[in-house]
Ligand SMILES: Nc1ncnc2c1ncn2[C@@H]1O[C@H](COP(=O)(O)OP(=O)(O)OP(=O)(O)O)[C@@H](O)[C@H]1O
């Protein structure tokens, strides 16, 4: 028996994309052949050999397919393509082109056949049916030289010129080298040549590229290729592939790989890949960490943390996963606040807190302050500033509150608050604000004597963390390089009050970044969601203003639907009809949500009774393999679905009662609560990828009005337009359908 010849195999990004499009059975065969090759490339079943007239090698995948390899140095190879056996004779198959990119200096592989097929499927001006219009080519406004200077592979040029539709563009970017894809997406979404150069091309420029020096180009490419044992490759070969695991946008990659001397804040609209960046950054830091280093990856809620943990396992080898603790921020908060307290205190729920306040107000004969005011003041003024003593409260700013509080009023409120806390204590209860405060203060105390528990902390959904959370996180991580990395979207803030990170000891000056391309929702869904936020001003977590207009969606689709009904019964009929219309969609990719918990509960039962399998979303990840998800709007935070019904958005239910009841108590607190309600609808709407339907009975919520008015204007402007006679009832933005969709 001869000794085995072990070898290392890297997979070229183009080959990865190609494998991702293969049928599952063939991918499994590729996986097996790769594993054999790495163990022993001389294994007879592989038929490993050099092609006669080329420097390339081939291995057998099955009787019909061969893998094409490029040797780099020693026993390291790069898999560049999987081709049909009959096309692999003595040379590289004719349908595969290789080239050195003159901007990046990388070795590129171009599947010419696939690229030409995409171009051929585009509508052609010379084949247009009389009377129909063929859209102009998408890249007509750019010369070949401009595209090539930005780094688009010259061999792609004839096909790029044929692309006229978004579908064609997205099919093209799926098969071409990543740098060319990134440039074309940016240009097609309206970014100027100069900006594309700055954002996409300049960071990838390699000086002194010699396009004839294949060896150096292959060496460079090995740096960006993935190893065959990468967990993300395994996930893809096993069929659970999401493009982000392997193909980050350059702006995302820069955030993952850069080193910083202190905390970093990344903002970005819905679906811009903030979570993806947080995950990859955690994985990257784990790879670079010392064995004893601890990394915390945290998010707002338990189900989001569970989802993060699951995804992290998909990109990080198991032996490194132990370096990263994934937990929701309140779990950590409780753990620290309750350390040594046995039994752990009980948390008072909203109703219990209201009852305690009512008792306190009644006992004091209080007539000026009511329960909503007292709760709001406690949560958003006292707790938000971590005020612990009366003298601090007396001089504290009441940011955003119109109602002025005299010294005497403040003193009275403090007395009431003291009585409220006493009641809680007597009942053995805490509010969550108290738990957070205790956790932050005790960790800050501990840090005076001991080193920090973590070397790196990465935060997702940063917009919903409170001041106390931030103080806790600051104390949990050793100050220094790459200490804190927070991603969030202030427009999606639905729980906390705005904070200013610098006032909490987290200085992100010069280290604030943005992500702008939205990968999730269609343009139409994003536009509708954005209209919900119309007229509101939103902070950027650090004293500035965040701006929604800079986010761009890359896919186009159909307009959201608006379905008006006249009762809860007809509303249910409309929801059932909508779900049935989506019967081609995997059930777990559909969600139905409503403002209140009791509505979500009732809906789940009613839909099940109507023969639609459902699962209610809770704190743990869903388990049913074939059920649509039913949840409150808030529970959908951070998740994504192909199709969503948002129901119960009638004016008398949404915004929810506890927000509207603040109107009399404090107009500014009311505005802040209304802003959170708007954001809740924005969050729910932006969970949808392809299709979104709003259903209500009676009058629609005021937050949809601007969109519905726009629909009326659109219809008015189309009156008399030839196509309006044949258009469906649902073909204009904001078109309202009555009854079933
Ligand atoms: N580079 C990428 N290539 C392909 N898909 C991507 C890329 N980056 C992100 N995505 C996809 O976009 C979607 C949104 O990503 P992600 O959840 O990270 O966004 P987010 O900014 O955290 O969203 P949100 O704030 O709305 O919860 C996901 O389906 C993800 O797979």
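Using N, Cα and C of the backbone, Cβ positions are placed for all residues, glycine too.
Just so you know, TrEMBL annotations never went through curation; they're auto-generated.
Residues annotated as domain 'UvrD-like helicase ATP-binding' in TrEMBL: 247-522.
All chains included, 25 other C-beta atoms sit within 10 angstroms of the C-beta of residue 274 (ATP binding site). As annotated by TrEMBL, ATP binding site applies to 268, 269, 270, 271, 272, 273, 274, 275.
The feature region 'Disordered' is assigned by TrEMBL to 711-741.
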*asked:* List the residues in the vicinity of the ATP site, defined as same-chain residues other than 268, 269, 270, 271, 272, 273, 274, 275 with C-beta within 8 angstroms of the site's C-beta centre.
replied: 489, 515, 518, 519, 520
_Entries of 268, 269, 272, 273, 274, 275 (binding-site residues) sitting next to ligand 1, with Cβ under 6 Å as the cut-off_ = 268, 272, 273, 274, 275
*What count of other C-beta atoms do you get within 10 angstroms of the C-beta of residue 272 (ATP binding site), across all chains shown?*
26
*By Cβ count within 10 Å, point out the most packed of the binding-site residues listed: 268, 269.*
269
_In the chain carrying residue 275 (ATP binding site), residues 6 or more apart in sequence that have Cβ under 8 angstroms from it_ = 308, 311, 460, 487, 638
_Same chain, 6+ residues apart, C-beta under 8 Å of the C-beta of residue 270 (ATP binding site), given in sequence order_ = 489, 491, 492, 518, 520, 521, 526, 529, 551, 682, 683, 686
